[in-house]
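Peer 1: I am attaching a structure below and will ask some questions about it afterwards.
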Amino acid sequence: MALLTVDELSVTFTARGRRDVTAVSGVSFDVAQGEVVGLVGESGCGKSVTSLALMGLLPRKGVRLGGVADFDGTDLLTLSPSRMRDLRGRQLAMIFQDPLSSLNPVVPIGVQVTEILARHRGMKGERARKEAASLLDRVGIPDPDRRLREYPHQLSGGMRQRALIAMAVACAPRLLIADEPTTALDVTIQAQILELLRELVDQEGTALLMITHDLGVVAGLCDRVNVLYAGKVVEAAERRPLFSDPAHPYAHGLLGSIPRLDAPRGQPLHPIRGSINDTIAWADGCAFAPRCDHYTLECLEGTPALGELAGAAGPGHLVRCVNPVRDSSDLHTPLLEAPVMDASAEGDDEAPSPGTSAATSADTSVDTSSDTSSDTAPDAGAEPAAEPVADTDGASGGAPGKDTPA
Amino acid sequence: MGSPVSNTPNHPDDRDAPETPGTPELSGTPAVPHQAEAPAPVEGERTRRASRKVDRIDRLAELTARRETTTGAGLWVEAFRRLRTSKMAIIGACIIAVFVVLAIIGPWIAPYSPTAQSWRGEVFPNRGLFVGPRGENWLGLDHLGRDVFSRMLVGARQTLMVGVVATLIGFTVGALIGGVSGAALVLGGRAGQRIDAVIMRFIDMMLALPSLLLAVSIAAVMGQSLTTVMIAVGVVQIPIFARLLRGAMLAQGGSDYVLAARALGVRRRRIVMAHVVPNSLSPVIVQATLALATAIIEAAALSFLGLGNPDAAQPEWGVMLAQAQRFFDQAPMLAVYPAVGIIITALGFTLLGEAMREALDPKLRS
Amino acid sequence: MLRLIVRRLLQLIPTLVGLSVLLFIWLHRLPGGPTAALLGERATEADRRQAEALLGLDQPLWVQYGRFLRRLVELDLGTSIRTGRPVWEEFTMRFPATVELALAAMFLAILIGVPLGYFAARRRGGWLDIGAVTGSLIGICIPVFFLAFLLKEVFAVVLGWFPSVGRQSTGINATDVTGFHVLDGLLTGEWDASADALWHLVLPAMALSSIPLAIITRMTRASVLEVLQEDYVRTAESKGLHQRVVRLRHVMRNALLPVVTAIGLLTGGLLSGAVLTETVFSWGGIGSFIRDAIDGRDYPVLMGFILFIALIYVLINLLVDLAYSVIDPRVRVH
């Protein structure tokens, strides 16, 4: 039994005199205790709205919610505001994207940490302060007693995010939602924060819902991944099959958009055309069709269903596509550059996940290496596969060097 | 699927072109450059696939068009579009329109002379005898037996003139000072900073004076006349306009696009004239609209303090209001008419100004 | 903190010097020259010559300016033409009345404006919001003196609920301690005197508060609306804090920052408004004194008043700056 079961969640913004805008339409996924689940997609695909809906942080006026979000037997979507208030911070906690704007600039850090202790754990005065100091210490903030007296602007970016994490985990919540927690941070800090989150999940068994557009973060942290597009899950799979055999053209395209160190020089990226605004209504067909390279007329006949991928390596690989990508090698390498394709396709076959994850852009490689150390053997095997290619490439010699120390 | 075309990132403008780049059939379209000629398919095959393709494209285009798309209109165009839907702006604009029309045609449609004391014998202020609204005189008579309705109509022009001229003075001088100061600062250099500092000290000094007192001191030097009122009210606005324009220019000067223009080697003077000033004007224009309201009210206050236009031949709402205060106990309506006129007019300018401010505020734009 | 105060005070010097230059020029540009300010309009040519010789007006301008400046520093603002008493004395005598009125008006404006703006923002688009926005727009557009007349006519003359003029009813012999009548009553235990003074204060304070009230309401509303969108409010909500804590600690503390600045800027307008309001209600403060000075072309009084007001305005803004640096840690000097 999963801790959180989201079933057909839909969020529609209604404003008088304007058309209703459906930001999320029928998103379903599960998060189990101790599991890290990723929600991945471009900005505007509805991933943040999903998290806010789960936290009950969307305004009550002008928003219509649908579906069920079952959190250990209670439906988060229909809970009364005061019950939700009791739940938030204690059982459900959230970490936001921009640590500076997410902290109150005129209130000392200490107060911002202790107020949640006072609210949910009844701690006051010296006891609360001590606990706050130990929380800051736990998330790796040095000299916590001094930091408690300081204001957000006196802290560095990474420290602010740590402080926010300290607040989020202050009451040992059962579900932690992290909305792009590393986007606003420097690369090195990103890795540290992800490491911290990983630790917290491992130690406490907290379920983590990770919302991100960064596939490097997904590769390093998530157990299961849901790819969102225009308010719907278009593909859901375990991390490994998703990275090796992305079946939806969008997921495929996302992976193709990542610069790879092992790609030969001059080989162009495979960006997805257009932007998330080039879309059609799901009711009319696949919203991705306008950007899809091989849509057919069937794609434009109503919403494609989210179904088990035929011929998937394992169960639980769901895809919402009429004609999913069968052979993932074709998008990775253009037909015209056949020689390269062969080499790369070989690598894909043998160690598929690392082929993409370990060789993502320079800024995500740090994350993935932290993943390799803690996780699996094939990943480690991928490193040498990636490095020789990069090493022969004189110009990018600095990049692998960046890779190794981390 | 993998023709070279699909590898080149599409220019955003191309994306609504119906063809799917990268498909061999369409690679002949002039918009799509092609390095390698795709092998031509068999004739029958080609038509069959082409017709299906046309279907697909038509269908997709149809569905895409159904979605609401916002075009990237310019700041002012967009602001105007939003103004048209704003109730505040419409009410404000209507009030202003009526007021301006009255100010123009007022003297011609006024039924009587605004200065002739035609009914002098019917009004006895000393005994508290006044004549209220009647068929002959719609708004009654004032303390000298003049037709209030005619005076209101004719007075609209003077009132508008005071407001407009005063605001123009404040706007022109203020924008000039603020512009010089802002330009000096943006154009950079230590000298620029120094010029700015000196000007701003002066502006702060002017701001430190209560507006009324500033007006009073000017009136004291210049004597009592309509020009005095206009100048006095206008001068009060100078520091506000100056500060606003300078502040906006400073913000623009620090923005990324100015930095980018500088990095591209655009001459600083050109940056200021072509980018910084035009982009900084919107708060100043909003302020000008609001200042029209303030100017009319301030002018009334000056009249109340006995510094207004002494020329009885030129009725003006502020002066009418000031004169009527003396008889407030016996004939309050004499004060109410011009007061309501002033309030409604000021409200019109304020409404429009506020609506403009909202329409131009990038933070509020959705 | 002390260094900040000293630095700000030093920054005042150029402003005040510049102002004195302006005043000096102004005095010389007056119709009839600077002697008119001392002798009044009815002075004869002979009087003027005599005064000019006496005042050293035949000396170079910079000498004259130095003399003028020294007098200013010694708070010698000259003598009122109408009353024949030193201007400085006239001011200090009347000052408490004006301060009392201005404080009452500001108090009223903050007391009503801040909560009104807050609730208008919370229920954006509701009837309270529409009412508050409309009300504040009208409040800005009503000439203060007309509002004063209207209030006086309706509530004092017609309804008789409040006294129409003055600061005190005749027959009440209040002890004068500070010059603030309401405070005096409280200090000496003369409750009836205090209540009576308060009674007199209501209408003028209401009239005078119209513009600050309108501006504070609008600013609070706009500011709260902006803060409600801030990420840290969402963070506070995500922590499940009680609504009261979120509102006071996270919304209001931030939303009031710009309002505090506005209060400083409003004082200038408040003093202008005081001139008008005091005239209507025959309030014995500086305002009505100035009104009479304007009528009687009492230039020394006007000049003194301008300098006096500028000083007060600058000092209040200094206070606001200091207060601001206490409330907002980001501008605190370390």
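Glycine is treated like the rest: Cβ placed from N, Cα and C.
TrEMBL annotations: computationally assigned, not manually curated.
Copied straight from TrEMBL:
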type	residues	note
REGION	B:1-53	region 'Disordered'
COMPBIAS	B:1-10	compositional bias 'Polar residues'
COMPBIAS	B:43-53	compositional bias 'Basic and acidic residues'
TRANSMEM	B:89-110	transmembrane segment
DOMAIN	B:156-353	domain 'ABC transmembrane type-1'
TRANSMEM	B:160-187	transmembrane segment
TRANSMEM	B:199-220	transmembrane segment
TRANSMEM	B:226-245	transmembrane segment
TRANSMEM	B:276-297	transmembrane segment
TRANSMEM	B:335-356	transmembrane segment
Peer 1: Under 8 angstroms, Cβ to Cβ: which one of B:160-187, B:199-220, B:335-356 has the largest number of such pairs with the transmembrane segment (B:89-110)?
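Peer 2: By Cβ pairs under 8 Å, B:335-356 leads among B:160-187, B:199-220, B:335-356.
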Peer 1: Which listed range (B:160-187, B:199-220, B:276-297) shows the maximal number of Cβ pairs under 8 Å with respect to the transmembrane segment (B:226-245)?
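Peer 2: Highest pair count goes to B:160-187.
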Peer 1: Which residues of the chain, 6 or more past the ends of the transmembrane segment (B:160-187), have a CB below 8 A from one of its CBs?
Peer 2: 99-100, 103, 193, 195-196, 199-200, 203, 226, 229-231, 233-250, 252-253, 258, 268-269, 271-272, 276-277, 280, 284, 288, 291-293, 295-296, 298-299, 316, 318, 345, 349
Peer 1: Would you mind listing the long-range same-chain contacts of the transmembrane segment (B:199-220), meaning Cβ under 8 Å and 6+ residues beyond its ends?
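Peer 2: Distant contacts of the transmembrane segment (B:199-220): 177-178, 180-181, 184, 228-229, 231-233, 235-236, 238-240, 242-243, 246, 298, 301-302, 305, 307.
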